[in-house]
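Novice: In case it's useful when we look at the structure, here is the feature table from TrEMBL:
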BINDING   G112, T113, G114, S115, G116, D135, N176  S-adenosyl-L-methionine binding site
BINDING   N176, P177, P178, Y179  substrate binding site
DOMAIN    7-67  domain 'Release factor glutamine methyltransferase N-terminal'
DOMAIN    101-186  domain 'Methyltransferase small'
Amino acid sequence: MTKTNFEVRQWAFSYLNQADVDLLLMGLNDWTYSQLILHLRDECQNWPIFEAYVRRARNDEPIQYILKQAHFYDRFFYVDQRVLIPRMETEELIEWVLADNQQSHQKVLDLGTGSGAIAITLKCEQPSWQVTASDISKDAIAVAKQNSTSLKANVDFIVSDVFNNIDDKYDLIISNPPYIADTEITVMDQTVLKYEPHLALFAPNHGLAIYQQIALNLKDHLLTNGTAYFEIGYQQGPQIIAIFKKALPDATVSLQKDMAGNDRMIKVGV
Ligand SMILES: C[S@@+](CC[C@H](N)C(=O)[O-])C[C@H]1O[C@@H](n2cnc3c(N)ncnc32)[C@H](O)[C@@H]1O
């Protein structure tokens, strides 16, 4: 028996929240929200696939991995379990970098690029910038390269553990490194814990280890008057400021809150 999109949507509401149901229907049919509403009385063309998607989402799989796409700064990025799903907070980091740096040419490094969200967005927003993206994970670099090609971004890629394979210096270094402490595993959402790569989430030393590694060699990789921008955990501001102040006593370090009012980003100028 055939079902309308309205009926399958109502059925899915018994298991998932409305936002997730609508994202699945829109992603599956390549519809905008207005198109979804317009097609509600039509026959559902993809019922078996939609039913399977809802089953996967009920098993905590993130909608973005089911659909193999994540919306970030007005673009769709391919994502799968090899990379972190880019978050809204990271869009605010992009906003800060773009607002601060209007100059036509900037040489930029995105350290820990994952899906390539930061590097590719900056290159698309500022095509004259020379952008390099690095990650310790070869799998992540493969996904980021795929996104760079599909979004016509022309970003360069390097597989590197922090700065180990990076010789160059940059005007801007941007990083959203893994910053969750192992001890937080017990309070984390199952959707994140079961599906997102732990290499992208967790770092030793209470989540501070990658900032510590970056701080030790940051000056060697920034050009004169260069600046670094980092996303941070909302409770990590004081510790991370202390890490950079200790490694770089002459640097200026400033903290920025996100839209929710939480400490979320820092800027380090050398
Ligand atoms: C929180 S994710 C950020 C991904 C992406 N930049 C974003 O904002 O959506 C952190 C990324 O850092 C990478 N990473 C973890 N340890 C690293 C290391 N030692 N050196 C370089 N990259 C690392 C992970 O593989 C992951 O892709």
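A Cβ is built for glycine as well, from the same backbone N, Cα and C atoms used for every other residue.
Where in this structure would I find these features, and how exposed are they?
Specialist: When other Cβ atoms within 10 Å of the Cβ of G116 (S-adenosyl-L-methionine binding site) are tallied across all protein chains shown, the result is 30. Secondary structure at G116 (S-adenosyl-L-methionine binding site), taken from DSSP and collapsed to helix, strand or coil, is coil.
In three-state terms derived from DSSP, P178 (substrate binding site) belongs to neither a helical nor a strand segment and is classed as coil. Taking all protein chains in view, 19 other C-beta atoms sit within 10 angstroms of the C-beta of P178 (substrate binding site).
The helix, strand and coil residue counts that DSSP assigns across the domain 'Release factor glutamine methyltransferase N-terminal' (7-67) are 42 helix, 1 strand, 18 coil.
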Novice: Based on a Cβ-to-ligand 1 distance below 6 Å, what subset of the binding-site residues G112, G116, Y179 would you report?
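Specialist: G112, by Cβ distance under 6 Å.
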Novice: Can you count helix, strand and coil residues in the domain 'Methyltransferase small' (101-186) using DSSP?
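Specialist: For the domain 'Methyltransferase small' (101-186), the helix, strand and coil counts are 27 helix, 22 strand, 37 coil.
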Novice: Between T113, S115, N176, which of the binding-site residues has its C-beta surrounded by the fewest other C-beta atoms within 10 Å?
Specialist: N176
Novice: Which are the residues of the chain, N176, P177, P178, Y179 excluded, whose CB is within 8 A of where the CB atoms of the substrate site average out, their centroid?
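Specialist: Near the substrate site, the remaining chain residues are G112, S175, A200, A203, G207, I210, Y211, F230, E231.
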Novice: Could you check the binding-site residues G112, G114, P177 and say which one's CB has the most other CB atoms within 10 Å?
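Specialist: Of G112, G114, P177, the one with the most crowded Cβ is G114.
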